[in-house]
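First the structure, in the form of structure tokens, and then the observations on it.
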């Protein structure tokens, strides 16, 4: 009986594919749309921002991934934190993050944004932007190359596709 069910399912699948039907879940379509139309907002703080600009230029062209840089946090769904985050800049980072609409994602770019980097032991440096905002993807390097940033963005796209469509992120920060 079990084999009969699978045979009928396979016959139905073949019949539908021959006629040109597409079967999917709404959550999969929403995840695909969100992953392929990211609108990043730059939060460039140091030298990593130069590599981020290079990734957006013609040689690497982040536009082919559906990414359109937005100047306003209210129009963007991805924040790229690139560079050294100081104690004085941390409240501004949190304020900009709070202004972004749901669902929102954060990519931490470079050693300084990930954990303080070269300035880790300085009194004025936050030891990782994940102490201020929840981070989805970390891109290592000092500074990371444009290829590393694009790889991190592709990993974020995979993560977005894995999440369900109607459930928003409920992460809490201190």
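Glycine is treated like the rest: Cβ placed from N, Cα and C.
Since we're looking at a predicted model, the values are computed, not measured.
Residues or ranges marked as [4Fe-4S] cluster binding site in Swiss-Prot: 47, 48, 112, 142.
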Let me check the 10 A CB neighbour count of residue 112 ([4Fe-4S] cluster binding site). How many other CB atoms are there?
29
So which other residues, same chain and not among 47, 48, 112, 142, have a Cβ within 8 Å of the centroid of the Cβ atoms at the [4Fe-4S] cluster site?
46, 51, 82, 83, 84, 109, 110, 111, 113, 117, 141, 143, 144
Among all chains shown, work out which of the binding-site residues 47, 48, 142 has the most CB atoms within 10 A of its CB.
48
Quick check: in three-state DSSP terms, what is residue 47 ([4Fe-4S] cluster binding site)?
coil
Which of the three DSSP states, helix, strand or coil, fits residue 112 ([4Fe-4S] cluster binding site)?
helix
